[in-house]
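Remarks on the structure that follows.
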Amino acid sequence: MWSALKAAVILSVSSSAALAALLQSPSELPANKNYDYIIIGGGAGGSVLANRLTETSGVNVLLVEAGSSDYKNINIEVPQFVGKLIQSQFDWNFTTVAQSGLNGRSILYERGHVLGGSTAVNFMAYCRGSKDDWDRFAKVTGDQGWSWSSILPYAKKMENFVTPLDGRDISDEVDLSAHGRSGPLKTGVPEYTVSTDSRVINTTQELSAEFPLNPDYNGVSGNTLGVGWAQFTIADGQRQSAALGYLDPILSRSNLDILVNTHATKLVQTGTSGSLPVFRGVQLSQPGSSQIYSLNATKEVLVAAGAVKTPQLLLLSGIGDSSELSKLGINTIVNSPDVGKNLQDHPLVTSSWTVNSTNTLDKLNFDATFAAQQLQQWESNHTGELTLPAANQVAWLRLPSNSSIFSSVADPSAGPTSAHHEFILTDAFIGFNGVFPSGGNYFTAFTVLVSPSSRGSITLSSTNPFDAPLIDAGFFTTDFDIYTIRESIKAARRFVAAPAWKDWIIAEYGDFANAQTDAQIEAYARANAGTINHASGTAALGKTGSTGAGSGVLNSDLTVKGTVGLRVVDASAFPFIPAAHTQAPVYILAERAADLIKAAHSS
């Protein structure tokens, strides 16, 4: 086994360092320092925990991140450079196994590999999820603390909603009373308007029955449905990642150490409590090194490595399905059959039209002089078109209740305030497959399945923690999912057929133009779909104390069932994927988790 080939160094990690430390190697860890909490993963979950737990003086926290500390890299900070991050040094560079629902294709599976995690590489969309999403979590766990009314204060606590750079009146774009104004994470609507904004809003009037205007899909009602102004973790002209919002302001805290470029390779049992194994030990190593460093937390190990790496770490540590672990020679400590199962994600398909305009955001891609001018402007004062997100408006939609699919399958959504599908409306060409243009002006709709019934998995490829796990997204493996993405594409077509677009839309572009019948649209979706990178559910919450397959991996307080001293705080905890972009729900989950952890150790 991999661990048998490595040398081990035991670190006793009582005196506090004078200042917070940003460490590049476990060898730099201070001697004789005890950590109350060791956090694995510096993304949304881990950053929130590091911030909130170190609010209490005398509580020492170590945050371990596998990636670098380069969260202020220009390619991360510039919103329009989001495409540069795919398959970069800030990406784990995962791919899926061949997907039967995608004609046997393997697809890229982007995950953040830098302090800030996937909040440093994602498309920055900010969506809390619906009332029904959160109320379903409460029902599944038997814990009303996960209900919409209970989490709404956390949604406001985390947020600092700011006004856009252009200073426009946004009273018609957002309900400011629904948002926090003093939290760590800056959010907002797009910094500037674009030429399609009025057309989108006019369409909500012309086709109001199907595409009503929602004044704020993050409103207090929790009803996300309709077309609304998009909200993002963009402010002051730049991306607002978990690292920038939650970690950067607290680097002066002496009770926080951050260790980067370091992998957690195993969770270690350090004793027993009654009949339960206690997991307060962690093994750390770095790629290419033969050294293993072992640390113990005095209170808890908090795993926030994300929906891919968290189940991998649990499995490598003997927490998982015993029959699967035994095949790899891993000793089962906790038989937890659901670890790595229940993977849910949001597949997307992009479809584009040529347009009667010379003023789209395509200039950033096709006009090198303009792009250079915009970069110079951004570097000078963080203004200009590089500050814009992927879209200024988003539509959250449900299938009609009389849709034929419901005669044969149950509705997998959380309820009537949750969307089945989404489309994201972009004033430019964006594509992930097919023919890429070398010039021109375009309009693109991202059609996204947001209440999938398909399920995938994360399984071990080997016992080497540096090997990527096997990722099976399970896309389009149910009738509901392929039906819904087909209907989403058809809805996008109806949207741009409104009178508001008559003088602007010219023609459908590429293979999209040839996908007209239902069968052709389904084939187009299978040939072109990718992921919007919302992996969730692989260490899911369940009712406290329930056991067996399908009962979940975590108790309702996020502690790992069958263990003491171990908790998971990331998107893997969601029993159902929210019908939302998942970074905001993870921030909310982590804010509550911090309070649960503090309460558990208040004595």
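Quick reminder: no glycine exception, Cβ is built from N, Cα and C everywhere.
Feature annotations, reproduced from TrEMBL:
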type     : residues : note
ACT_SITE : H534     : active site, proton donor
ACT_SITE : H581     : active site, proton acceptor
BINDING  : V114     : FAD binding site
DOMAIN   : 306-320  : domain 'Glucose-methanol-choline oxidoreductase N-terminal'
SIGNAL   : 1-20     : signal peptide
Chain residues outside the domain 'Glucose-methanol-choline oxidoreductase N-terminal' (306-320) and at least six past its termini with a C-beta under 8 angstroms from it: 40-41, 43, 66, 92, 94, 109, 111-112, 117-118, 264-269, 279, 330-337, 339-340, 343, 458-460, 463, 465, 469, 471, 535-539, 553, 560, 562-563, 568, 570-572
Structural state of H581 (active site, proton acceptor), classified by DSSP into three states: coil
For the residue listed as 'active site, proton donor', the three-state class that DSSP assigns: coil
Secondary structure composition of the domain 'Glucose-methanol-choline oxidoreductase N-terminal' (306-320) [DSSP: H/G/I, E/B, coil]: 11 helix, 2 strand, 2 coil
